[in-house]
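*Asks:* I have a structure I would like to understand better, so I am pasting it below and will then ask my questions one at a time.
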Amino acid sequence: MYLTASSSASSSIIRAASSRSSSLFSFRSVLSPSVSSTSPSSLLARRSFGTISPAFRRWSHSFHSKPSPFRFTSQIRAVSPVLDRLQRTFSSMASEHPFKGIFTTLPKPGGGEFGKFYSLPALNDPRVDKLPYSIRILLESAIRNCDNFQVTKEDVEKIIDWEKTSPKQVEIPFKPARVLLQDFTGVPAVVDLACMRDAMNKLGSDSNKINPLVPVDLVIDHSVQVDVARSENAVQANMELEFQRNKERFAFLKWGSTAFQNMLVVPPGSGIVHQVNLEYLGRVVFNTKGLLYPDSVVGTDSHTTMIDGLGVAGWGVGGIEAEATMLGQPMSMVLPGVVGFKLAGKMRNGVTATDLVLTVTQMLRKHGVVGKFVEFYGNGMSGLSLADRATIANMSPEYGATMGFFPVDHVTLQYLKLTGRSDETVAMIEAYLRANNMFVDYNEPQQDRVYSSYLELNLDDVEPCISGPKRPHDRVTLKEMKADWHSCLDSKVGFKGFAIPKEAQEKVVNFSFDGQPAELKHGSVVIAAITSCTNTSNPSVMLGAGLVAKKACDLGLQVKPWIKTSLAPGSGVVTKYLLKSGLQEYLNEQGFNIVGYGCTTCIGNSGEINESVGAAITENDIVAAAVLSGNRNFEGRVHPLTRANYLASPPLVVAYALAGTVNIDFETEPIGKGKNGKDVFLRDIWPTTEEIAEVVQSSVLPDMFRATYESITKGNPMWNKLSVPENTLYSWDPNSTYIHEPPYFKDMTMDPPGPHNVKDAYCLLNFGDSITTDHISPAGNIQKDSPAAKFLMERGVDRKDFNSYGSRRGNDEIMARGTFANIRIVNKLMNGEVGPKTVHIPSGEKLSVFDAAMRYKSSGEDTIILAGAEYGSGSSRDWAAKGPMLQGVKAVIAKSFERIHRSNLVGMGIIPLCFKSGEDADTLGLTGHERYTIHLPTDISEIRPGQDVTVTTDNGKSFTCTVRFDTEVELAYFNHGGILPYVIRNLSKQ
């Protein structure tokens, strides 16, 4: 039988709660004794599939915040054979919600009610009043979803007692309100869901059980490339090429939007996922059939954190973790510490939000916030616009935090109105958050909140700056930039070094560009891109860039024609206000024509640079530069030929494009010669804060947001012409090079395989620090001599049609070949040789990483990876775990892991191990030429989260590592060979 949303047990919860006793009592009186969720029998049961079943969210999801051509209304039918089995047990739980005593009505001013909600103040517990606002969202979710089954009263108590429990690394379940996807990560997610349906079929179960049970929004934004720039026709030309390359992927996603319930797909050309989420999709407060609760979201993109600026709890997770969340599996997470970041004062004239976020990133990176929430507060908050806050929240992955959270205040409400949310919706949001003590009013005295640690920044101290040349947290002030650049040229190859000999540093390369003389030097800018949701969501810096362009035009400055300039807004709203202000005209004159609505250069979709420019760089070993308003600048990410990549505000992107080089001191050196040969300095073209505020006030209007988003799901003619089958099971084309059935569930049975042995494994790769997911699974161009290129050419794909690795993530055969294919990767086994190769230890041959991995795999040999600190930092890229798994990697031993990547490794059945503090491969004398045995118990009941394990080598070395299975649920996943097999077996048993 199936229960529809209207007939589900949730209605009985509401009915029972509405007749609750009017008396309010303390939290401790709500709790009743029950079996501990951490008892040995409970833990053992959790590791088998019989006890943990997915959550069945029974609320229908409707979004009423603004006029819209559609509603987010689920047509969910909860997968419910399990309810037949547990009906008698759950019937009493449904009518007797553990917290029915705090379920109350939120009245409307003037009569009526907004709905009902679980009241945190009604707990009458003083500990709640001191909780950080971000933790209150976790608390409300736990209370609302408490069923003493998936979420227990003990879990609720852990969160309430956060001050004492968070230092102990306790585990809690969390059930986000929705899931957010983009197409690079969304395609493999939908591929996995389709493959899971097939697996359910093969196991004799109902394939329709594989359906999202929470709202899923997928925005197609990662596919557009800057093939055409500096042209009025660039948007249309790039979109046509985008559809030519990605027609099959887009049709697959369109099929997914019809085959899977509760899934919305926003067509290409609409904007960047995080900006669309901020301006439109974000609810702040859900009103679902009269039940009010805070919006929360997990997304398959690490910059999902941008929504934290709106007061919505959100962060990035791996694709496989998101898939489990879609299917009702609660997320298991360690209750995080919260860093309180106090902002004081006000930014000086001419300083931008980008300067602020780069400063904050450097401070937090130094403080150490991995696995923690950061919550901003202080009197400096009142001077930050919502867009400024979103910029800071966006870069949470760059400073290492799970979230960079800004509680809702009056600035948030003003932004909601600006972006077209209805007055009634905003009134409901404010009333709910005030009633539940989740609203901050900086005009009122602030109650002290407890944080795990504290930081403070006086906004007066923020200086204009950029970050680079290879990492987002390597901030350089503008006044120090020239000296820092020369230091980078001098220093040995590393994060801040290129090792260019002194005698070669002033080299000038002359070449011909379109028949005109041109020249390049070390530091010459060849790409200047206003890109990324980080900054294009912020009208002040976008209009500031337009003002810089206007002043430059007025003074007679012009960007050199061989610099590839581009502007890619995160939503159509940006185009509207740039046109209304009249500033787009001047950006066009400087070459910053709009090229498309998507991520573009920020994720490596910068397109080709001119052949003559490329030849001048490669033939003369020039360290060319890219300057972009993005959030990441890791090696090889922006473009293969730009070894120096700097993050800057949009106005500075225009300024550096005008200067043509990063080798400049803007305070003392002119940008160029203007009219009549007069020197023009940065100060001559830099707008004042008042100038920017004036144009923002006159040009950014609510009607622009309404007009843009009323038509966002209608698509364009190319999207609407895509025809898709109506089948709920996907018909795999074995010859497709975009969509391929992955082998994850091949030969799968109902019996969990248990922990796998790692005995006498070879080291596939030996890495140093800061190996990113871009190194592990690049998203950009497919190099012509790579294993992936060979695979495509063997199947008749021309080089011009290779597309990017990111666009090929629906094909496991290509992605396995693209794993560790970054051309800038440094493997210690190669003794200084840079590139995607390794040594096959038994033969001593130098091979591509893929070829070596396949040789090990074909001979039945396990492999492991050695790594340094921050392994897997960067994008939340599940292929950085899927790829190694398909290559046969059984374990990664590192000094430390980035949060999302560690979770992804666990999700794919790979063992993450950490060296003990003060130790690493070098200090232990490990070269990677040894064979490794990991002495992990083969009985899952004998493994504990975070336990120590001994690793031995064939040459007699022995050392201790910490197993980074952090929770009991992760051990259950490991027992099943990964999270997806675990979910399939669970659903098949019901």
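The count begins at 1 with the first shown residue.
Keep in mind that glycine also has a Cβ here, set from the backbone N, Cα and C atoms.
What Swiss-Prot records for Q182, D301, S302, H303, R632, R637, R795, S876, R877 is substrate binding site. Look at Swiss-Prot and you will find C533, C599, C602 tagged as [4Fe-4S] cluster binding site, backed by similarity to another entry. What Swiss-Prot lists as phosphoserine is S91. What Swiss-Prot lists as transit peptide is 1-78.
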*Asks:* Around the [4Fe-4S] cluster site recorded as C533, C599, C602, what other same-chain residues have a C-beta within 8 angstroms of the site's C-beta center?
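*Replies:* Not counting the recorded site residues, we get D221, I272, H274, H303, T531, S532, T534, T536, A568, G570, G598, T600, I603, G630, N631.
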*Asks:* Are there any residues in the same chain, six or more apart in sequence, whose C-beta is under 8 angstroms from the C-beta of R795 (substrate binding site), and if so which?
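*Replies:* The list for R795 (substrate binding site) reads N735, T737, given in order along the sequence.
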*Asks:* Tell me the Cα distance separating R632 (substrate binding site) from C533 ([4Fe-4S] cluster binding site), rounded to the nearest angstrom.
*Replies:* 12
*Asks:* Once the chains shown are all counted, how many other Cβ atoms turn up within 10 Å of the Cβ of R632 (substrate binding site)?
*Replies:* 27
*Asks:* Roughly how many Å lie between the Cα atoms of C599 ([4Fe-4S] cluster binding site) and Q182 (substrate binding site), rounded to a whole value?
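*Replies:* For C599 ([4Fe-4S] cluster binding site) versus Q182 (substrate binding site), the Cα atoms are 10 Å apart.
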*Asks:* Check S302 (substrate binding site) against DSSP and tell me helix, strand or coil, would you?
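*Replies:* DSSP assigns S302 (substrate binding site) to helix.
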